[in-house]
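What TrEMBL lists as transmembrane segment is 5-23, 35-57, 69-92, 104-127.
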C-alpha cells in the first residue's frame with residue numbers, strides 16, 4: 001500500500017513540475033508552436049498519480065499486492081511510464097529549442113510505450129486473478 005501511495009505522490013509532484021517546466025521554457029524561448037511538453041503534465045498525472053490513486057482504492061477491495069506478479073507489474077509499469085515521459089521531455093525540449101528530433105527518439109519512445117503496455121497486461125492478469133479467484137483459493 002505504501003508503494004502505491006508514494007508512487008502516486010511522486011507522479012503528482014513530477015506532473016505539477018512538468019507543467020511549470022513547459023510554461024517557463026516556452027515563455028523563455030517565446031515558443032508558440034506544438035510540443036510534446038504540452039502533453040507531459042497530463043501523462044504524468046493520469047498514468048501516474050490518478051492510476052495509482054485508483055489502485056489504492058482497488059487494493060483495499062482486492063488485496064492484489066499479494067499476487068506474485070505484482071512486483072513485476074509495479075516495476076515494469078513504472079519503467080514504461082518513466083521511459084515514455086523522459087523521451088517526451090527530450091523530444092519536447094528539442095522542439096522548443098528548435099532542434100530536430102530524429103527517428104531514434106521516436107523509436108526509443110515507442111519502446112517506452114511497449115514496456116508500459118506490458119505493465120498494463122500484467123496488471124490485467126493480476127486484476128483477473130483478484131476478480132475471479134480459482135475455486136481452490138476460495139476454500
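Placed from the backbone N, Cα and C atoms, the Cβ positions cover glycine too.
Note that this is a predicted model, so its numbers are computed, not measured.
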Query - Contacting positions for the transmembrane segment (35-57) when only residues 6+ beyond its ends and CB under 8 Å are counted - result: 1, 4-5, 7-12, 14-16, 18-19, 21-22, 25-26, 81, 84-85, 88-89, 91-93, 95-96, 116
Report summary line: Per the Cβ filter (under 8 Å) with a sequence gap of at least 6 from its ends, the transmembrane segment (5-23) is approached by 35, 37-38, 40-42, 44-45, 47-50, 52-53, 56, 74, 78, 81, 85, 89, 92
